[in-house]
Amino acid sequence: MIKSLKFSHKILLAASLVVFAAFALFTLYNDYLQRNAIREDLESYLREMGDVTSSNIQNWLGGRLLLVEQTAQTLARDHSPETVSALLEQPALTSTFSFTYLGQQDGVFTMRPDSPMPAGYDPRSRPWYKDAVAAGGLTLTEPYVDAATQELIITAATPVKAAGNTLGVVGGDLSLKTLVQIINSLDFSGMGYAFLVSGDGKILVHPDKEQVMKTLSEVYPQNTPKIATGFSEAELHGHTRILAFTPIKGLPSVTWYLALSIDKDKAYAMLSKFRVSAIAAALISIVAILVLLGLLIRLLMQPLHLMGRAMQDIAQGEGDLTKRLAVTSRDEFGVLGDAFNQFVERIHRSIREVAGTAHKLHDVSQLVVNASNSSMANSDEQSNRTNSVAAAINELGAAAQEIARNAADASHHASDANHQAEDGKQVVEQTIRAMNELSEKISASCANIEALNSRTVNIGQILEVIKGISEQTNLLALNAAIEAARAGEAGRGFAVVADEVRNLAHRAQESAQQIQKMIEELQVGAREAVATMTESQRYSLESVEIANRAGESLSSVTRRIGEIDGMNQSVATATEEQTAVVDSLNMDITEINTLNQEGVENLQATLRACGELETQAGRLRQLVDSFKI
């Protein structure tokens, strides 16, 4: 918002802020001085009023205390009943005290004006009597409300002494009505009031009777003021009050203070009026200064306004660069006007040069456009022919790639056949080796079977021996049995053994016969196996011969396939070289075509730039023509 203000308005705003700040500081400083002055005057006034009122209270109480002392001194000299009655009835005492009385050491009580006392009343037990005797001199009681008159009273008492002995205590009841009137007469021009307070904070006399006998902490619960010299502040019913305490000196047995309470708002009311007056005066002064300053700024800014109108005429009017400002002073505005004239003169020369350059630029742009159009046509023709060559080379490359692909397929199939022939040859060779090994193993088996047949013959011979031994054993066992039978009972055990031996021999003979039968069968099988092995060996040799002939044929086929594969690889290699050459030509043609396209695009960009240049040249010519040079 400040940026949109005029320069004169900014100056006026800044000046108003300075003036306002100056008046504000002056008002605050004056307010500070006035506050201090009012506070000092108020403190001096309260101190003086407190001292005067305290002195008046002291004098008022002192005169009455003096009457009590004089009465005690008179009674000390003569305390006969007649003297006591006459003395207590003196007008000076009856007009001053509500009651004057004497309590004697023997319990006799005399009071004037006379008033009936309760039965058994003993003055020696009363506080005023005890306090006076204990103090040994003049005493004052705390204020209390009289039961008969409902007035606030105090008692002044002093002992009656003769020859160092206490004869009794004389006292007088004082109404505080006069003292209340003295204190209540202080209204401080309606700003406050005074009240009497004891040293322990109990209020003794107060304009508001409801506050009497209350403590300061009860009246001011939030921030209770301390009873001391000086000034303090406290809140009462939502208002701040200034409190000052002045001690009442010369009072026996009691400590009393005169408290002065002032409403702070009323005490500083003059300061509030001064603030209002100062603010009003400051506002009036500021308005007057701003009006005068506005007129002065308007007068001083006149040359600047003329310069602004001239610049607006150049910027928004006919653009007359032949106009100059009239410089009539050598101040800042004169220097600014002279600089403006120099600037316009320089712009004038520059615009004339720009006008000539704009015409030349238009002609040059026309020549560039014509040349670019011609180059564009040639580039189109070159692009068409390049595309034709590229298409032919692409067809040649496709044919070469087809030949190379077919040659590669043939070479691949020949390689597969060669590999398969090699595999077959290896299989045949493995078969020949296996059949040779089989023939050798058959021959070995025939030899083993022949050896086995020979050993079975040997086993038959051994079995014949075993059979002979079994027969002999059987005969021996039979003979042994016969001999045992002859021996009778003595040969029974031997007969059993012989019989068992004969059984074993018989069983051995049967087993030998079975083995003989099995060996004969084994010999028959061995002879048949030898015949079969011999026939298998003959067939195996024939198979080996046939496999050798098949291996030789496969070797011949493998050599022929290898030759065909070599030819196919040569054709594929030549075709791949031809394809690489075709691809290289194709890439070159493509690069040429790309470069040609880029050239066409550059020519088109040049044409667009030339068109834009021609447009800008026309615009520049229009702008130059808008100035009057």
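Glycine residues also receive a Cβ, built from the backbone N, Cα and C atoms like all the rest.
Swiss-Prot lists 1-10 (among others) with the feature topological domain 'Cytoplasmic', giving sequence analysis as the kind of evidence.
A Cβ distance under 8 Å defines the sequence-distant neighbours of the transmembrane segment (11-31), meaning residues of its chain 6+ beyond its ends; these are 2, 5, 271, 274-275, 278-279, 282, 285-286, 289-290, 293-294, 297. The transmembrane segment annotation in Swiss-Prot covers 11-31 (among others).
Taken from Swiss-Prot, the feature domain 'Cache' applies to 36-259, supported by sequence analysis.
Counting every protein chain shown, the Cβ of Pro127 (L-methionine binding site) has 12 other Cβ atoms within 10 Å. The feature L-methionine binding site is assigned by Swiss-Prot to Tyr121, Arg126, Pro127, Trp128, Tyr144, Val145, Asp146, Ala147, Asp173, with experimental evidence given as support.
What Swiss-Prot records for Tyr121, Arg126, Pro127, Trp128, Tyr144, Val145, Asp146, Ala147, Asp173 is L-tryptophan binding site. When other Cβ atoms within 10 Å of the Cβ of Tyr144 (L-methionine binding site) are tallied across all protein chains shown, the result is 14.
According to Swiss-Prot, the L-isoleucine binding site annotation covers Tyr121, Arg126, Pro127, Trp128, Tyr144, Val145, Asp146, Ala147, Asp173. DSSP assigns Pro127 (L-methionine binding site) to a helix in the three-state reduction.
Outside the transmembrane segment (277-297), and at least 6 residues removed from its termini, the chain residues within Cβ reach (under 8 Å) are 8, 11-12, 15-16, 19-20, 23-24, 26-27, 30-31. Annotation comment: Swiss-Prot describes 277-297 (among others) as transmembrane segment.
Swiss-Prot lists 298-629 (among others) with the feature topological domain 'Cytoplasmic', giving sequence analysis as the kind of evidence.
Look at Swiss-Prot and you will find 298-352 tagged as domain 'HAMP'.
Here Swiss-Prot flags 410-424 as compositional bias 'Basic and acidic residues'.
In sequence order, Phe109 are the residues of the chain that are 6 or more apart from Tyr121 (L-methionine binding site) and have a CB within less than 8 Å of its CB.
Per-residue confidence over the domain 'Cache' (36-259) averages out at a pLDDT of 86. The 10 Å shell around the Cβ of Asp173 (L-methionine binding site) contains 21 further Cβ atoms across the protein chains shown.
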